[in-house]
Amino acid sequence: MSIASLCRLISLANYPKQAKVFTFRFSSASSADKFLTVLEKKQSNVEKTLALVDAKLDPNCVREVLKRCSFGLSQMGLRFFIWAGLQSNYRYSSFTYSKVCEFFKIKQNPYLVLDVIEAYKVEKCLVNVKMFKVVLNLCKEARIANEALLVLRKMPEFNLRPDTTAYNLVIRLFCEKGDMDMAGKLMKEIGLIDLYPNMITYFVMIKGFCNAGRLEDACELFQALQGQGFSPNAVAYSMLLECICKYGSTEKAMEFLGEMEKAGGSSSPNVITYTSVIKTFCEKGRTMEALRILDRMGARGCAPNRVTVITLIEGLFAEGNVEEAYRLVDKVAGHGVSDGDCYSALVVSLIRTNRLDEAEKVFRKMLESGAKPDGIASSIMIREMCREGRVLDGFHLYDGIERMQYLSCIDSDIYSILLVGLCQQSCSVEAASLARSMLKKKIRLKAPYVDKIIEHLKNSGDKELVTQLSRITR
């Protein structure tokens with residue numbers, strides 16, 4: 001057998017696997033063509049005809065139909081989408097809704113959803129509540145509140161009564177829009193038609209009032225929620241507490257925090273909840289009181305996180321309580337927050353309050369003890385050393401951190417700042433070492449420094465290094 005014949009046999013042996021992929025794609029395209037043939041006729045009650053099409057309904061098919069309908073067949077495309085979503089063997093994801101809104105530009109052309117409802121009415125189509133919910137979910141994805149309300153109002157014209165879920169969709173849209181008066185009106189309307197607001201209704205409304213800064217309304221609704229026998233979870237409690245912290249008093253925040261602690265279970269405050277209250281006290285210049293909240297959360301077995309510690313350190317520095325900040329770091333380091341994160345936050349605050357020498361001592365102590373400084377602390381420390389003209393010291397600090405493999409998140413522009421400083425001070429050996437490190441890490445030179453750095457490195461005589469560095473700046 002010739003080599004050419006053998007190659008053909010091997011090719012044929014591998015062909016079936018590829019053929020399966022091709023057949024699947026062809027099958028999806030073929031199904032889309034069958035549905036499109038029906039839609040292009042624009043016939044009345046098209047849903048009945050779609051049900052008779054002998055074709056597989058899968059995501060690829062639906063996507064292809066919608067994409068092709070977006071060019072001149074918008075209404076038919078939307079009707080196909082609504083119909084397909086009701087089939088027992090097919091369900092839409094939120095991604096599919098977003099693609100429909102994108103294909104048909106529903107945000108820019110909101111009348112399209114109303115045109116579909118009107119077409120159902122004119123053609124006397126058999127419509128059910130599920131179909132309306134698909135339309136309302138489209139409105140939700142496109143964030144068109146007014147049109148969603150009109151769709152909701154159209155349901156009785158088809159002898160359909162909207163349920164709580166349908167109302168919740170529209171209420172959410174008005175809450176996100178900031179129109180809490182309309183959202184409140186719709187919530188009251190639920191009770192007038194023998195329906196009941198559920199936990200989602202209350203949650204959406206409370207969140208809307210909080211976002212609108214209407215604290216009293218949010219608190220009143222929260223009490224009504226409890227009065228109806230619902231048990232708010234930690235999310236609902238935390239959401240209202242955050243609103244109280246933002247628009248209310250610290251006393252009210254502490255009172256509400258106590259309620260959460262008393263409720264216990266799923267309503268117990270977590271680290272995010274406590275940090276929110278701590279932040280409020282710090283912003284009001286009452287950081288020493290915030291420290292007592294830290295003790296309170298510790299007594300309940302809730303460890304602080306990095307944000308908690310940074311918030312407290314910044315608050316203490318803002319009030320001039322530097323020694324207290326040191327005590328805080330010694331207290332919490334390694335207990336829920338790493339030594340590196342705690343001392344890095346301390347270093348950053350020291351630098352920002354013009355205590356560079358002190359910050360450097362803390363930073364070097366971190367390295368000696370094996371604590372890993374974060375990228376922010378490392379970047380600011382080296383930048384400040386360069387700004388003071390201590391470029392060589394900055395490089396040695398960088399080199400020490402590099403050998404400990406702690407530079408994974410340092411700002412890329414620090415490399416250029418350090419390199420140009422080394423070049424200006426004629427530290428050729430160090431500059432070449434840093435340049436090679438940049439090449440290895442594929443870090444590009446920042447535009448303002450390129451010419452100066454390249455010119456200096458040319459004088460070092462390492463032509464290959466200059467060539468490689470020039471290449472990655474393009």
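Our numbering is plain: 1 for the first residue shown, then up by one each step along the chain.
Glycine residues also receive a Cβ, built from the backbone N, Cα and C atoms like all the rest.
Model, not experiment: these values are computed from the prediction.
The domain 'PROP1-like PPR' annotation in TrEMBL covers 114-260. Here the domain 'PROP1-like PPR' (114-260) has, by DSSP, the following mix of helix, strand and coil residues: 115 helix, 0 strand, 32 coil.
Beyond the repeat 'PPR' (163-197), the same-chain residues lying 6 or more positions past its ends with a Cβ under 8 Å from any Cβ of the stretch are 129, 132-133, 136-137, 139-140, 143-145, 148-149, 152, 155, 204-205, 207-209, 211-212, 214, 217, 228. The repeat 'PPR' annotation in TrEMBL covers 163-197 (among others).
Marked as repeat 'PPR' by TrEMBL: 198-232 (among others).
Taken from TrEMBL, the feature repeat 'PPR' applies to 233-267 (among others). For the repeat 'PPR' (233-267), the list of distant contacts is 202-203, 206-207, 209-210, 213, 215, 218-219, 222, 225, 273-274, 276-277, 279-281, 284, 286, 289, 300: same-chain residues at least six beyond its ends, Cβ to Cβ under 8 Å.
Annotated repeat 'PPR' per TrEMBL: 270-304 (among others), in sequence order. Outside the repeat 'PPR' (270-304) by six or more residues, the chain places 234, 237-238, 241-242, 245-246, 250, 253-254, 257, 260-261, 311-312, 314-316, 318-319, 321, 324, 328, 332, 335-337 with a CB less than 8 A from a CB of the stretch.
Among residues of the same chain six or more beyond the repeat 'PPR' (339-373), those with a C-beta under 8 A of the stretch's C-beta atoms are 306, 309-310, 313-314, 317, 322, 325-326, 329, 332-333, 380-381, 384-385, 388, 397, 400-401, 404, 406. Residues annotated as repeat 'PPR' in TrEMBL: 339-373 (among others).
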Residues from the same chain, set at least six apart from the ends of the repeat 'PPR' (198-232), whose C-beta lies under 8 A from its own: 164, 167-168, 171-172, 174-176, 178, 180, 183-184, 187, 190, 239-240, 242-244, 246-248, 263, 266-267
